[in-house]
Amino acid sequence: MFAVFACSSVLLSSSDALEIGYYNKVCPLAEAIVSATVFKHFLQNRTVPAALIRLHFHDCFVRGCDGSLLLDVTPGGEVVEKEALPNKGSVRGFEIIDEAKDAITAVCGNVVSCADVLALSARDSFFLTSGLYYNLPTGRFDGRTSLASEAIPNLPAFTLTAAELKANFARKKLNTNDLIVLSGGHTLGRATCAAFTHRLYNFQNTSRPDPTLSQDYLRILRGICPQSGNPSPRVQLDKGTEFIFDNSYYAEIVKNNGLLQTDQELLFDQETSATIRSFAKDNLSFLKQFSQSMINMGAIEVKTAKDGEIRRKCNVPNSGRISSHATE
C-alpha cells in the first residue's frame, strides 16, 4: 500500500517563479502524461528511476534546472554538458523525457517546458520506488546554453571531502541538510569500479585501502573490481535495497559499507554524522525530508520567460543552434 505525502507548504521556500499546478489551465493532463510515461518505462526497466533522478540532479547543478543537460551537440555549437566526463556514457533517460514531452505537445501544444518534464519525471521516479508522493512546483523555462566545460566545476566529484561537498552545495544555495538528504538518492543506482577503486588499493596514495571501509565489504568489492582490472563493472550504490528508495543507504554507511568516498565521508564529519545515524533508524523522516530537498534543488537558478524558452524538442533550442555564449 502506497502512502501519499503532499508537500503543499513548500512554495514559500521554492523559487518565486514556480508554483504548484502551474499547468492546470493550459495543460491539465501534463503531470498525468509524465507519470504514465515514467511508469511505462519503469515496468520495462527497474533502473529507470535511478537514471531519471540522477539526470535531474546533474541538470540542476549546472546552470540550474533548465534542461541544459538535455541538449545535443549541433553543427557550429559548443560541446554540450552531456559530453562532459561526469555525464558521458553514464547519464541516461533522455528518450523518456523526449517521449513524455512529445506526448504532452500532441495534446496541449508546446506549453510545457522540458525542464519541468524532467523535474516531474524525477518526482514520479521517487514515488514509484518509495511510495511517497509530493506536490512539485512547476513553471521552469528551458535554457538555450549548454557547455561541457561547466560540468566538472559544478558537479560534485566522488573524491570530495565532507567540507568540499558542503561548499559545493552552498554554492547552489543548498544547506548541509540538503547535502545529507540528497546524498540519500544513492539508495538507487550503481557506480562503476572506476568511481571507487582508489579506496580499495591506494587510498590517498598510501598503497593501502581506505581504513573507513569495512573489511567484509572490502573483500567483496575487490572480488568485483580487481586491481588494474576492468574499470567498467557496475556495483549497486546501496548494497541493502538497490531498487527500493529507503534509508538502507544510511544504514550501510553506519556499517562502513558506503560505496563512494563522498558517501562514507558524511559519517565522520561532525556536522553530518548525527543526521546520518538518525536517518539510518527513521525511514519516514528521511523520505519526507528528501521530498523537500528535491523541491529545494529543483528551484536552483530557474529560468523565466525573460531568459528562457519552452523548447519544441528537448534536445535542441528553438533557434536550432546551441548558443556558445556562457553569459546567456
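Cβ atoms here come from the backbone N, Cα and C positions, even for glycine.
Unlike curated records, TrEMBL annotations are generated automatically.
Same-site candidate for Ca(2+) 1 binding, as annotated by TrEMBL with ASP59, VAL62, GLY64, ASP66, SER68, chosen from GLU81, GLU83: GLU81.
Of the listed cysteines (CYS114, CYS225), only CYS225 is recorded by TrEMBL as the disulfide partner of CYS193. When TrEMBL records ASP238, THR241, ASP246 as binding Ca(2+) 2, the matching candidate from THR187, THR192, THR197, THR206 it lists for that site is THR187. Other residues of the same chain near the Ca(2+) 2 site, with their Cβ within 8 Å of the Cβ centroid of THR187, ASP238, THR241, ASP246, are LEU188, GLY240, GLU242, ILE244, PHE245, ASN247, SER248, TYR249. Taken as a whole, the domain 'Plant heme peroxidase family profile' (17-318) shows an average pLDDT of 96 in this prediction. Within 10 Å of its Cβ, the residue among the disulfide-bonded residues CYS60, CYS65, CYS108, CYS225 with the fewest other Cβ atoms is CYS108. Looking only at the binding-site residues THR187, THR241, the densest Cβ neighbourhood within 10 Å occurs at THR187.
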